[in-house]
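Peer 1: As annotated by TrEMBL, repeat 'ANK' applies to 93-125, 427-459, 543-576, 611-643, 644-679, 680-712.
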């Protein structure tokens, strides 16, 4: 029976040999198994007899590793590496396990050994390293790349014969490997002298092998075979083919063949081919027959582009022997297309000679005819027509006209004379329209001679309406074309079509046809011609625009405008929107057109829009300083108003963008009324404030603008508007708004009409100083509803009541300093006297963990409120906020001191730099008894009104 282990190491000698003798026997048997051909038995022995392996001497394990590496047994090597083994051990020739693996190309074993960090540059008895040994045969790139990845590898080591890895790669004719070595060495040692020396030695080897050119090509950025083609180096190309370096082995059928690569290199880099180039193509063709590449559909197209007859003939012979009939049709069609742009009579005959039935069978015949007509390839057109297949006369005539190909047009017209005459002479024939549009005089004359109607209508236009050439227009007019012809009431005549076309060129400029200067000159010449033939100079189009209006909106048409005005054009006419010619000149910011129009317009202040705008208004609206200065210099009325009562200054401010204030300064310097009010009682500074233009507000205030004017919309002055803008501006940085508002308030402006929710937003933003100034300027305490608060300020919890006062809102947002300030100056509402509101507010503050606010509220409500403060709060609440508050307070029979307190005009209101004053109230009852009628308050409401539920204190008794 076959035993699993023929040399079982567990057997014990019956004759009691010595331990050393037994160990020697075991070692001998172990090495015999390792060296045997039975890899499975060896692997089982190593992996399943661990305790006995440990008795084997280390030197024997090293021998086993060397044996395993020679055999290429990856699994056996992996098992042996688990034991105490010398990874750098050597055989009799001085080869380490890594060297053996590298030499034999055992990639996986080499990877295992590298995990143990062996010495990379050990040498054997011949001085070879692992890297040198890895280059033993062509195709060892993977092993070499693996070794090159190791940081300690020596690129430039030589063996005893002076051979380097570069030299060996050249000797092996392994150009791919040489490129790998070169790329890696350039990356790390580009400027190294030792690299230059190694390459010099390698080049001498290449010279000895007669491949020095290929050696030089390999140092270029493109592959050596491509560089050889570019250098017309037939010898090197042939060498690369003969030694298998130009093969289709790893190329798919979708890759370009070597032949196509060479042709593209010639096309892009060479103007003329020499005999070596032709020989290279012949060589590539002979080798291409062995391949199955199909990515050559453009081969004849490229052949035509290169422009060499011998080459094109070779390529035709090549494709004829290689491809099917169906594929050939496609290839030859592509070749024909190339000839349209680079016509060559000899090339046509080469293609037709190589494929006689080409014109009949070619792919996309009608498309090719069209392309031939586009480039004027008459010879091709003749060939296509002579093949006796169907020919679309109308379509091909139009193509010839569109591309101004007179010779092709004449050929088709003569070849199909009867059909051509019938087609051209139809009432709605488009041929003459197309010829006029492209501006070909000869074709126009030819069409007229063939019977084309000069007044034929196509798509509501006659040929003259397309004209931009005076010579063609003269021909048409001489043949009876009507200048005044209108196809219907909504369609313009030839004169207006001329300006509409010129206007279209402004947006759809085609430099291949006419330049802008040519269009302007043509427009002027045709205008003169049409007016001399009876055209109506003031005719209007469907939008009510005249020729003068259209010309006024175009840059460079000043002399055309001059001619129209001198010829009697009415500059005061308006289109359907009420715009006159001056409007279009100013709206398009064309200074020269404005100047020319004003020379002929008596009233510089005439309204040019239905809304009453003058030229000055329009210039201000667009901030066009040049036009504005021109108009001001001509004494334009600075106080002229539009239908809304706006002057140029107001319009300029409303339309001012960013820091463009030149127009405004120009108007101010010219002396315009800075305090003019429009129909809504808006002045310049009001409009600037409403549009959040803080810099302009400051400028106008410095220029003397009236700051107390209120608009009619919401009765606000500039300070109140700016306060609202400050509160609700979406700008992250509000410093400009704050500074502007505070400066206005310092000038003594009232803030009584500030939007009620403004103060709440400022509380949220913690604008303490601004709030003080607003209160001093007339803002009074009021309550706003939860709905308003949620809409305009910030989310507000309904648990604290349906309305809220500034005092409570400050507390609820943990703004203790503001709350203390409001309390100290009496900026409170009647709800602050309610004990129920105190309880609700305290619960909210406790829930929010605003401990300091809770402490303040508890302290405040633990003290009885003075009768003076209670009276002030009550009177303030009864009077209410708004513009009339101050008048109401002044009308009360109270001392000035108490009126100032009600209006917050005391020194304690502004504590920006001072401490709060304590207000004494010893005389309060003397002045307020007529305001507080306690008998009128129901008993059920008394406790809530005074701010307590249990009678802990009574304001009638206790007075602070």
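Keep in mind that glycine also has a Cβ here, set from the backbone N, Cα and C atoms.
These numbers come from a predicted model, not from an experiment.
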Peer 1: Is the repeat 'ANK' (611-643) packed against any residues at least 6 beyond its ends, judged by a Cβ distance under 8 Å, and which are they?
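Peer 2: Result: 578, 582-583, 586-587, 589, 591, 594-595, 598, 604-605, 649, 651-652, 655-657, 660, 662-663, 666-667, 670-673, 676, 678.
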Peer 1: If you average pLDDT over the repeat 'ANK' (644-679), what do you get?
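Peer 2: Mean per-residue confidence for the repeat 'ANK' (644-679): 90 out of 100.
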Peer 1: Using DSSP, break the repeat 'ANK' (644-679) down into helix, strand and coil residues and give each count.
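Peer 2: So the counts come to 15 helix, 0 strand, 21 coil.
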Peer 1: What are the DSSP helix, strand and coil residue counts for the repeat 'ANK' (427-459)?
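Peer 2: Reading the DSSP string over the repeat 'ANK' (427-459) gives 17 helix, 1 strand, 15 coil.
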Peer 1: Could you give me three numbers for the repeat 'ANK' (680-712), the DSSP helix, strand and coil residue counts?
Peer 2: 16 helix, 0 strand, 17 coil
Peer 1: Using DSSP, how many residues of the repeat 'ANK' (543-576) fall into helix, strand and coil, respectively?
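Peer 2: Going by DSSP assignments, the repeat 'ANK' (543-576) contains 15 helix, 0 strand, 19 coil.
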Peer 1: DSSP on the repeat 'ANK' (611-643): how many residues come out helix, how many strand, how many coil?
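Peer 2: Helix/strand/coil tally for the repeat 'ANK' (611-643): 16 helix, 0 strand, 17 coil.
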